[in-house]
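What TrEMBL lists as transmembrane segment is 47-68, 88-106, 127-144, 150-170, 221-243, 255-279, 291-310, 322-339, 345-363.
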């Protein structure tokens, strides 16, 4: 598996023809964040590789996740009567979240500034974004947590899926229309949550116990905003963009089956993981919510990355992701009662296996594209023309 090549020759040929096409209509992004990022990017030295900026932002998101996991492992820290997360942690998480968001906004500008834009850069950026979804949502959960003043772990599981489907919806659009319509919810959520983290440090988690309006609690506002944004903004805009492409006869896939293939694996992942939760002998989500979320988010990230490779290379999306096979077997075994006593161990094993598989996928894809385009992924230095990339051993 060490040298396995995930990107086919057909896909590599498709990457050669790829042209970036994106539309951003979000007023917050256009009139506030982009001018801000245009200023910030000038601070970076011109020798700094855009992919290094992208990866640094991703690591900050992961660090926030791990930091909150240490101080709030079971999501009860914000509940009344429990030891709360220290105020300084909220400040650190808020600042780092905004820095990560800023780095995600300037990496592309750094690429254009240094004339180093490549399909690999876009794939690397969006691929890490797909994995960041679970880290971001689960970290935010600690603001309210569970208990009498929070939301249940199952409600958070459903909210996580709302975010995941909102993310993949944009790439489903591009798979069918050839244009990436950047979602409004991303910028709004990043700025808002970064601010809420800081506010939490100032007023304390107890402030979120109080009703926002009448008997409408802040936790209800949190839930309503996520669902409302998905149903009233993200989904309608995606369907509108798809319909416009259909009317203009510019859809890349004319049959309904081919157009909907990208949803098959995510839907099956949702069905399998939900079945596990509902039929779990030990109530697995209540016992290990953080690990379960991580397992689902990692599998989703792998599915999404394969979709991104296909939409960028104009090739057919795979119908099913192979990670769903072991998940199906685990769910089948656990829910049949055969291995209910080792359910916890199976969850941890599956989460670890998915992580290894996804990291291997990412490393090999980056390696392949780096070789193909004759570039270093984390450096602007160009390989010598008389040396092949394999001879240079570019560090992945």
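Cβ coordinates come from backbone N, Cα and C, glycine included.
Unlike curated records, TrEMBL annotations are generated automatically.
Using the rule of three or more Cβ pairs under 8 Å, pairs at least 6 apart in sequence, the transmembrane segment (322-339) is not in contact with the transmembrane segment (150-170).
The transmembrane segment (127-144) shares the most Cβ pairs under 8 Å with 291-310, out of the stretches 150-170, 221-243, 255-279, 291-310.
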